């Protein structure tokens, strides 16, 4: 190790930027202030206030507000559940264990049906009830139930208030700035994505880029929620922001549709690629208007109206340009603060889908885990069994919704072991020698500030540092009055580690569904929703089905199963492109009854080839042949409406042709 590595510049306090110092000081002061206030309010376990302040330490105002609201609602719901369940079953340990396990299983199941703050509230409702109720097994007076429950809720609220106050005193980056920057970056990235997808090659990089764009647009919905809570102007513009996100998803769909047409177009004009690149370069400039775009794409205007392939590509390209320019104008209005509620229609939020099978399985896992640990604790009369139950409940509820639960549980195990060793040194080496809280704060403040800085400066270990900060309070366990019992300390820490280890074992036995199974369930749900789109009165609108489809696709974005990801993406793109054609056919009108019957026949062909179980290859081949015959016949028709219909039908042909390579039924794609 060279001498330069020991220089002062490499120490976290000197490497930190001003923004990092602001973040670290804000969270450190909030945690120390919460501990102090809870201590002098004579709450029996004030360290929970410090933990609560650590949990809501988001870098933005909107994140703190939304997280705090979810935490308060979840804590109140969990406290009420603990009072009701423990109050009626306190003298019946087996019934108490059964009711608490059922409640935590229900919360695990419920949080899978929601996102963001509502899911977080159900998580809090689950393990707050565990934190309050499981330690009650050793009490004899029913009146103590209320005292413990109100103390826990008060500690949580104290931590939230301290975190919110410090966010107002030392504010961080603006949610509005983060959202607008993300929208602008995605707006520019769509042009890069179009340039990549409109190439004739088919590579894994294209699939990964498409998944990345979809995931990034859906992630911006979280930024929209945080901006909604941080500033009144974005609450007024919420409908516009929803419409912008839907518009970016629609542009992603149009880019994919244009790619399918380019791949199925036997002889496009020779200068198509050069004109498209010139168009994308022009759209990247904020000074480009509709006249500039019209001049650039004018050479691609079809001269032969009977060439339905050329007409279809031309119409879809114009639609993409119009969408992109409209989105540019809306972004400019948002950035300049111009309030105009007439430009974009009110749009619902992004739709989502819940995997009910996985949610039920997660709830069952939580129930079985807690019943197993509780039965062992009751049979062995283990005094620290409540701690094992509490940590197991937290682990099962929190990590049922993550993509890699074993990795998260292993990290938590490592965190608990490190904290056990650290808290032993602090508790029996330092805390026994001090008598006032302010003396302990002189040690705690620089320690927390350093840990906060290290979390920011070491991204690879940010999750570890974050867990060390959050769980440190419950291991040091600053109480009023302080308690120093080595046997209880050792027993409690061992119980916490055993609880997480048993939760890990439960995940190993009752394993989450494989990515292949999840992919099949998502594909089946996609096909079921698409069949509904073919009905006369579909349940979902065009934009709702679009956002729901992209939500399905994003669910396996972190999967290591390349085949599962590929076929989920392929089915999503195919069904989405077909749904856009169906909606356009439904809106297409003609005074010619024969043409209307042709339109209805195309939709009926889709009903015949597609079902929830999958697609029949023989029916698919016959359908593609029939669609090609319809296109050729309509192209020779004397009515302009017929040639327009031929272009729409050819888009349907291009979308369905991607399924010719689908595996047979009984495999992943079916």
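Glycine is treated like the rest: Cβ placed from N, Cα and C.
Your range for transmembrane segment, going by Swiss-Prot and the list 329-346, 347-364, 437-454, is 437-454.
Swiss-Prot assigns the feature transmembrane segment to one of the listed ranges (272-294, 295-317, 410-432), namely 410-432. In Swiss-Prot, the transmembrane segment annotation falls on 153-170 of the listed ranges 153-170, 171-188. Range 461-483 is the one annotated as transmembrane segment, of 461-483, 530-552, 553-575 (source: Swiss-Prot). Listed stretches 76-98, 118-140, 410-432, 437-454, 493-510 were compared with the transmembrane segment (461-483); the greatest number of C-beta pairs under 8 angstroms is found for 410-432. Same-chain neighbours of the transmembrane segment (76-98): 121, 124-129, 131-133, 136-137, 139, 142, 145-146, 149-150, 152-153, 370-371, 374-375, 378, counting only residues six or more beyond its ends whose CB sits under 8 Å from a CB of the stretch. Here the transmembrane segment (381-403) touches the transmembrane segment (118-140). Their Cβ atoms form 3 or more pairs under 8 Å, with each pair 6 or more residues apart. Segment contact holds for the transmembrane segment (23-42) and the transmembrane segment (153-170), given three or more CB pairs below 8 angstroms at sequence separation of 6 or more. Within its own chain, the transmembrane segment (410-432) has Cβ neighbours under 8 Å at 391, 395, 440, 443, 463-464, 467-468, 471-472, 475-478, 482, 484, 486, 489, 493, 496-497, 500-501, 504, counting only residues six or more beyond its boundaries. Taking Cβ pairs closer than 8 Å, the transmembrane segment (153-170) reaches residues 22, 25-27, 29-31, 33-34, 37-38, 41, 43, 45-46, 48-57, 61, 64-65, 68, 71-72, 75-76, 79, 128 in its own chain, all 6 or more past its ends.
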